[in-house]
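Notes for the one structure printed next.
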Amino acid sequence: MINLRKTHPLLKIINQSFIDLPAPSNISAWWNFGSLLGICLIIQILTGLFLAMHYTSDTLTAFSSVAHICRDVNHGWLLRNLHANGASMFFMCLFLHVGRGIYYGSYLYKETWNIGVILLLTVMAMAFVGYVLPWGQMSFWGATVITNLLSAIPYIGTTLAEWIWGGFAVDKATLTRFFAFHFILPFIVTALALVHLLFLHETGSNNPSGINPDSDKIPFHPYYTIKDALGLMLLFLVLLLLALFSPDLLGDPDNFSPANPLNTPPHIKPEWYFLFAYAILRSIPNKLGGVLALLASILILLIIPLLHTANQRSMMFRPISQTLFWILTANLITLTWIGGQPVEQPFIIIGQLAPMLYFLLILVLMPLAGLFENYMLKPKW
């Protein structure tokens, strides 16, 4: 009798995606992050579902309901800490996943890459509306500052901002709709992730060498299921260390105070995973210019496939491009640091130079490095 997993209409899809999938024999641990992101999404949906059972999206009770979850609900503190720190793990995996894609030229699978960028934007939106829900000081003022950016859009900006708010400022209507958005977005992300996987399986996985791996494929199970399981254990280890030993390490102390529209915190800043974009936003002393730079800093990922000039796909054998890639990584870490600093010297000048270098590296230096490496590879005799 032929195996059920190969004939059953549903099991067949799972089999072709996770069991008998032909995978390159040389993919490294950098290829673990796709499965880790899937697990992060499942953790977030499950913990979020149980939190939503006890949370109330009303300005008068939202803050108290979060305190109630932590104090009175069975293991509520654990659910909340796993959900909050799970978001940090999610973004850590996301950034590493995108970095892997840039380093090894995975962006040349254009459909997969473009869906990935849409996924990144959707997850960022999801995290932003989620951060507003506890209705602490930083939740409220973060929502006020970021939604206010819409008013920079010429002509329709103010109307658009008021439409999002459901009034003339961030208030009860805003909180209620943000809860609705935060509930629906994970399911949209799940659907997009399936499309992402669908496009990936049309072409098959890339590999560190960037060379076509068709001549040397191995089944996904057991080789990569066991490899992913190791990554999963490490992810759980870091998540549990964070959630159990220092759950507030990555949070903002201001969010322990209930939202107060009459009292602005001294330093308004988002969670660590948005700080790089926030630094780029703040670097331009013009509202519309800052908003455009903020959008460009993420949407620039969409044009990376068009900027690929090298004859080789991967950076594995391209030392000049490698150097520029690691400068870009250091630059993003610098931007993250600057985004969390007050607006004063020397942070202002660093915060203006770093975004310039960011765009210069991606738009000019890396394409030029690719062309130069092509020239260096040509025989000179």
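Going from the start of the chain as shown, residues are counted 1 onward.
For all residues, glycine too, the Cβ spot is worked out from N, Cα and C.
Residues annotated as heme b b562 binding site in Swiss-Prot, with similarity to another entry given as evidence: His83, His182. As annotated by Swiss-Prot, heme b b566 binding site applies to His97, His196. The ubiquinone binding site annotation in Swiss-Prot covers His201. According to Swiss-Prot, the transmembrane segment annotation covers 33-53, 77-98, 113-133, 178-198, 226-246, 288-308, 320-340, 347-367.
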Of the binding-site residues His83, His97, His182, the one whose Cα sits nearest to the Cα of the residue listed as 'ubiquinone binding site' is His97
List the same-chain residues at least 6 positions away in sequence whose Cβ sits under 8 Å from the Cβ of His196 (heme b b566 binding site), in sequence order, or say none.
Thr112, Ile115, Gly116, Leu119
Integer Å distance between the CA atoms belonging to His97 (heme b b566 binding site) and His182 (heme b b562 binding site):
23
Roughly how many Å separate the Cα of His97 (heme b b566 binding site) from that of His83 (heme b b562 binding site), to the nearest whole number?
21
Using a threshold of three or more Cβ pairs below 8 Å, and leaving out pairs closer than 6 in sequence, do the transmembrane segment (77-98) and the transmembrane segment (178-198) count as in contact?
no
Given 33-53, 113-133, 226-246, 288-308, 320-340, the one sharing the most C-beta pairs under 8 Å with the transmembrane segment (347-367) is 320-340
For the transmembrane segment (320-340), sequence-distant contacts whose Cβ falls under 8 Å of one of its Cβ atoms, 6 or more beyond its ends:
99, 102-103, 269-270, 272, 274-280, 282, 310, 347, 350-351, 354-355, 357-358, 361-362, 365-366, 369-370, 372-373
Could you tell me what the rest of the chain brings near the transmembrane segment (113-133), counting residues at least six beyond its ends with Cβ under 8 Å?
55, 57, 62, 66, 87, 90-91, 94, 97-98, 101, 106-107, 139-140, 142-143, 146, 174-175, 178-179, 181-182, 185-186, 188-189, 192-193, 195-196, 199, 270-271, 273-274, 298-299, 301-302, 304-305
So what's near the transmembrane segment (226-246) in sequence-distant terms, Cβ-Cβ under 8 Å and 6+ beyond its ends?
29, 32-33, 35-36, 39-40, 43, 78, 81-82, 84-86, 88-89, 93
Let me spell it out: take the transmembrane segment (288-308), skip the flanking residues so only those 6+ beyond its ends count, and list any with a Cβ under 8 Å from a Cβ in it.
98, 102, 105, 107-108, 110, 113-114, 117, 120-121, 124, 149, 152-154, 276-278, 280-282, 355, 358-359, 362-363, 366-367, 370
Residues outside the transmembrane segment (77-98) whose C-beta sits under 8 Å from one of its C-beta atoms, at least 6 past its ends, are 30, 33-34, 36-37, 40-41, 43-44, 47-48, 50-51, 66, 69-71, 116, 120, 123, 127, 130, 235, 238-239, 242-244, 247, 250-251, 271-273, 301
Please determine which of the binding-site residues listed here (His83, His97, His201) has the lowest count of neighbouring CB atoms within 10 Å.
His201
